[in-house]
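Reviewing the structure listed below.
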Amino acid sequence: MPPKEAQASQKLFGTDGVRGKANVYPMTAEVAMQLGRALAFLIRNGPHRHRVIVGKDTRLSGYMLEQALASGLTSMGVDVELVGPLPTPGISNITTSMRADAGAVISASHNPYEDNGIKFFWRDGFKLPDETEGKIEELVSSGSIDSIRPTATKIGRAFRMEDARGRYIVFLKATFPRELTLEGMTIVVDCANGAAYKTAPAVLEELGAKVIALGVSPDGKNINHKCGALYPENLAKTVVKHGAHLGIALDGDADRLIVVDEKGKVVDGDAIMAICTGELVARKQLKKKMLVSTVMSNIGLERAVARWGVKVARTRVGDRYVVDEMRRNGYNLGGEQSGHLIFLDHTTTGDGTLAALQLLAVMCRAGKPLSELASIFEPVPQTLVNVVVKQKKELGELPTVMKVIKSVEQRLGNTGRVLVRFSGTEPKARVLIEGEDAARNQAYAKEIADALSKALSV
């Protein structure tokens, strides 16, 4: 663990909780315990016993962090319900249904097994706002609650919840229209050897589908390894080989969804949003004729939904910011190109399995193959390049990079756009070029990526 002065200058929370290499600061047992104590301090009010739901994905380091987080919570007099491996949205759902004070997820989502993370949900099932995360960070760094030590009967207890998985499966099935069935459909589902390895196949089978399951043999080290939402190639091959109706790809914590049509073509979050927007408009269920996406979404999404008189509100990257925009303005559909899809009429956060069920409902009602439904979305060519960096700075502090960006913007004119941003969860900068000429996009992206590499290599 770095010295206290280094820790003080290092922000714990990113765009999706605290994340890093397992057993390396800040993803250590010590920090996990401190996070638990800080969360417990914030929720302690009134004479009643307080409870926090704690779940995880299938990473090896989850055992270590689960115990440390639970120790921190119980040491402050808060009870803990340990649900074991369960999708992130499942933990959010259990938190609200159990009327718990908060929920905690131990996961690094789509990252490799060497990483891990901790993120929190409030009692209403929504992720903590930035201000609350800031309070937790201040409590951890200041040491101001170190002396608070409940004793004897005031110490919290930890329990194992044995039926959490079943509760979540029942919830998911209830979001699928009762009059519909998946009988006669063959569905390939890739669970990324992650948190949904038992829930997603079960839901689809119980609704009547013939299921071919991939990525359902987690060993603690193979989560997201050449499988799941980031690696749909094997899924696509399996769909075509078995003549399946579609393929469903989830990531390690199952909060995102990418699908593959019956021809093996990938259908991303933008296309899924376009399809579901059309369905909600037709059923007069899309609130205020608005869809929420992020700056990463393709301009083709706006063009696709414009035919129904729907407008798109864009936010910064991160499903939490999509949800914030939806709640603030009373919208009920939003998501990200990466596959975080939020159906606010059903849930409070991105849920890959739930989103798949909503898409399947559209397919059942339309009686059309996914490839035909997805044809309403025509993306403008995009190039996305990830640049590994050793440090992150404001782009305005990088004159050589800004010069290249402005040059590219001038050459693109009004025929495309440039987006350069730092990842909130990884040591990477992301360069997105959108324009009608794919080859030109690649060349422009490389120019900017090279400039970033030179400027941030030390």
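Cβ atoms here come from the backbone N, Cα and C positions, even for glycine.
Less than 8 angstroms from the CB of S109 (active site, phosphoserine intermediate) sit D16, T88, G117, D251, G252, D253, D255, R256, T425, each of them six or more residues away in the same chain. Secondary structure at S109 (active site, phosphoserine intermediate), as computed by DSSP, is coil. Taken from Swiss-Prot, the feature active site, phosphoserine intermediate covers S109.
According to its DSSP assignment, D255 (Mg(2+) binding site) is coil. Residues or ranges marked as Mg(2+) binding site by Swiss-Prot on the basis of sequence analysis: S109, D251, D253, D255.
Residues annotated as phosphoserine in Swiss-Prot: S109.
Take the binding-site residues D253, D255: by the count of other Cβ atoms within 10 Å of each Cβ, the lowest one is D255. Every protein chain considered, the tally of other Cβ atoms within 10 Å of the Cβ of D251 (Mg(2+) binding site) stands at 33.
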